[in-house]
Every structure is written in C-alpha cells, then in structure tokens.
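Participant: Pasting a structure below so you can have a look.
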Amino acid sequence: MLPSSDEITRYSTTVCEQVRWKKAHPGIAKEIEDHLCDQRDYYLSEGEEEETATEKAILQMGDPVSVGLELDKTYKPKPQWILILLTVTLMLVGTGARYFIDSSEASLRNFSIVPHIIAIAIFFAAYFLDFTTLAKYPKAGYSLILLLSMVGLALGPEVNGRAWFAFAGFAVSLSYLALIFPLTYSLLIYSMRNKGTKGLLLCVIGYVPYGIILLLVPSITGFVFYTFSAFILLFVTVRRGWFGGSKKTGLLMVLIPAALGAISMISIFLLQPYRLQRLTILLDPSSDPRGYQTTVIRDLISGAVFIGKGTIPQQYESTVLLMPGIDTDQILTLLIHNYGWIVFIGITLLFIVFSILGFKYVSKQRSVLGFLVSLSILLIFVMQTVSYIAGNLGYGLLTQLSLPLVSYGRSALLLNAGLIGIMLSVFRTGDVVQDGGQPYVKDGSFISYENGKLIINLKG
C-alpha cells in the first residue's frame, strides 16, 4: 500500500462522517477512495511525486466536509410510500371484508382484529429489518427451513389429507411452506454466485428436497408455485451471468428443475387419475358431483350486478352462502355477490398496481442479493393472487392458497405480511448493498477480466 493511501483513507472517513445513513458508508468510502487513487495515479504518470500527486487529487475532489454534506442529501433510505400504503390498504380490505361479508351475531362474536394488528406489526418489523442479515448464513438458512419442514412432515398431524405442523396450541398447514421456500432457495442461489457450473449444479440439486416435501404434504399448488419460482430465479441468474461460466450450458441446466417438475406432475396424474378430473370439472362442472362448488361460484357470479347485491339462482337456497370455507376460500366471490363487480374491480386494481410497482423496483436492484430476494417474494405474491382470483371466478385449475393480506387465514396473513415487509426493506435500502465475493474464474485459466482490468494469475 502506498503511504499516501493513509491520506486518502482519512479523507474518505471525513466524508463519511457527514453522511447520517451509516449503511451507505462502505459504498461511499470505496467510491471516494477509488476515484482519489485513480486521480493520484494519473498525476504520478505525469511525473509528480507521490505526496504531491495525492495532494492534487484531494484538492481536486474538494473539501471533505462539503462533499460529505452534499452526499448526505443523496444517500438516504428510499421508503416506497405507495407500496406501504397499498399493503396497509389490502390489510384493511381483508379486515373489512371479513367483518361485512357475514355480519351475523355468531360471526361477529368470533370476529377479531388481533391477527391483522399482529400482521401489521410483523410487516413493519420486517420492513425495518436489515435484509442483508439473510445473506450472512444463506446455506444454514436453507438447511434450517429444510430440517424444520422434515420434522413437521414426520411428526405433524394430518388434517383432510394434508400435513400440518402443530406446537403449543398453534397449528399451520405445511402447504404454506410454498410461501417460504422460494425465499430461502434464492439465498442458496445467492451463496452459489460466481461459482460457475458447479454452483449452478448445486442449486439444481438444492431444488429437489423442497419439491419433494411439497409433494409429500401434499400440495400440488405449492409445488407448482415453488417450481415456477425456482425456474425463474435460476433463469434470470444465469441470464445475467451471476454464476459465471457458459450461459448456454447454464440455460440448459436451468431446464432440469422444469423437467423434474413436469415429470413429477405426470407421475402424479398417472398414479392418481382422479386429479385429472379437476380439468374436466373446469371445462364442465356439471359433469361431476365434485364440480358442485365450481357450479355454485359461476352461478353466483352470473347473478352479480355492477353495484349492489346480486341474485341467488332459483335452484339454490340462501344457505348456499354458508358452504364450509366459502368465507375464506371464496371471499372475492362473496364480495362480488354482495356488493357488485365494482368491489372486485377495485381490489384487483390494488393488486395490479402493487405488482407493477413491485416488478419496477425489483428491476432497479443493483445487488444480486436484493434482486433475488425481492423477486422471489414478488413471484409468490403474484402467483397467489392470480390463482385465488381465477378460483373465485370459477375457473381455478389449482387449489388457491390465499389472497395475500386479504383472505382469512392467520398463518398466510402473517407469512405474507412478513415477506412483503422484507421485500419493501430491499426497496428501501437495496441501493447501497454490496455483494462482494470474487468473480468467477474458469478452472485452469490464468487470465480473467474484471472491472476493466486484465488479470493474469501466475500461481496457477
């Protein structure tokens, strides 16, 4: 290190002291020091002495206090107020929908806003969390979730043919693991960046355990959501060159999870032919007794009006609105029937705006970590929404998990609140996150290219 580097370090330290957002300090210091070193090296090449070259570089940069104060105006957390407002609005919509859909005395006695209050608290706790802590132990996080899932699958009770996790009076369907798996899988991908084909292969292998667990739950919807998320995350990572190595080879390897998913689905349909009847019901619900609920949904939808309460078809009694789970799984159907299409349009627009803004901010992420984490969460958010809306219109091929933040279901509500909080935390502070790590160098190669510099490795 040149002696003048001490002067440059002191300069960058003084600059950083003026910037209140401490998380931005490492990036600012690196940028300042790199610029000063470049300027110093330029003056050295012009024949200046080292001390003089450093002084000229610092003089050209300007007073460190003034520079720091100007940077303080630029480097600030960027809260996405519109997305925060949309999140809270969706929670309020869920609370209101739960209250007004069934206002019978018995239902009102059981109504509670406590889960929604807890959800808001979890959302803001995750929002102010430093999301980079997720990247400190990514493999451990992946493994821990895998271990807990296996324990829950082995020891948890079975309810309606599906595995649940129960502890100290708290119970949650293991189907909701599909909401968490894409996030922890994205952390595994992050930990394998710059490791070439080997890293990509480990990620492909890492896809398998989570997929098997969701098939054992069983949750076909969760498996489809997870497989699609894994495919997109791997595809984008390879496409952007974050693994390193050959992109063509990488893109071919990315097809492995998709192929495994397709083979798994075909095997399930061959071993359990009754699942194919869901497609038959979708096309003609009256052809099968199990299509009764789909028929009811479509008939209620057909009797809806733009504003106001719709009509119940003559072949049904009013008790049709009391079908088990209808106030949870078909909340949009009930809102359309009770208040008209205008409510459905309003809620759908909220989700569309949220999703569009979400993808906009995901695309702006500069760090690999911020991009992968936010994309994994947003993909699950969108897939839940699309699946739920399709099901509530009577055209759902997959069993819906939840309508994020709106449909009743405490576990899904709390999980979605936490995930969205993490995503908005990325949008708030992701601009200053630095990934670090070494660039990928192909085995056996002694020449690599990084940051505009040709690097020759003589050690072999």
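Glycine residues also receive a Cβ, built from the backbone N, Cα and C atoms like all the rest.
Those TrEMBL annotations? Automatic predictions, nothing curated.
Okay, so TrEMBL annotates it like this:
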- 81-101: transmembrane segment (TRANSMEM)
- 113-129: transmembrane segment (TRANSMEM)
- 141-157: transmembrane segment (TRANSMEM)
- 163-188: transmembrane segment (TRANSMEM)
- 200-217: transmembrane segment (TRANSMEM)
- 223-239: transmembrane segment (TRANSMEM)
- 251-271: transmembrane segment (TRANSMEM)
- 339-362: transmembrane segment (TRANSMEM)
- 369-390: transmembrane segment (TRANSMEM)
- 410-427: transmembrane segment (TRANSMEM)
Participant: Do any residues, 6 or more residues outside the transmembrane segment (163-188), come within under 8 Å Cβ-to-Cβ of it, and if so which ones?
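Facilitator: Distant Cβ neighbours of the transmembrane segment (163-188) are 134-135, 138-139, 141-142, 145, 149, 152-153, 156-157, 202-203, 206-207, 210, 213-214, 216-217, 219, 221-223, 225-226, 229-230, 233, 372-373, 375-377, 379-380, 384, 401, 411-412, 415-416, 419, 422.
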Participant: What stretch of 81-101, 200-217, 223-239, 410-427 shows the most Cβ pairs under 8 Å to the transmembrane segment (141-157)?
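Facilitator: When the Cβ pairs under 8 Å are tallied, 200-217 comes out ahead.
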Participant: Okay, the transmembrane segment (410-427) and the transmembrane segment (113-129): do they have at least three CB pairs under 8 Å, pairs separated by 6 or more?
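Facilitator: They are in contact.
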Participant: Return yes if the transmembrane segment (410-427) and the transmembrane segment (223-239) have at least 3 CB pairs under 8 Å (sequence gap of 6 or more), otherwise no.
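Facilitator: With fewer than 3 qualifying Cβ pairs, these stretches do not touch.
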Participant: Does the transmembrane segment (81-101) reach the transmembrane segment (339-362) with at least 3 CB pairs under 8 A, where each pair is 6 or more residues apart?
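Facilitator: Result for the transmembrane segment (81-101) with the transmembrane segment (339-362) is yes.
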Participant: By a Cβ-Cβ criterion of under 8 Å, what residues six or more beyond either terminus of the transmembrane segment (339-362) are in contact with it?
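Facilitator: Residues 80, 82-83, 86-87, 89-90, 93, 304-310, 332, 371, 374-375, 378, 381-382, 385, 389, 404, 406, 423, 427.
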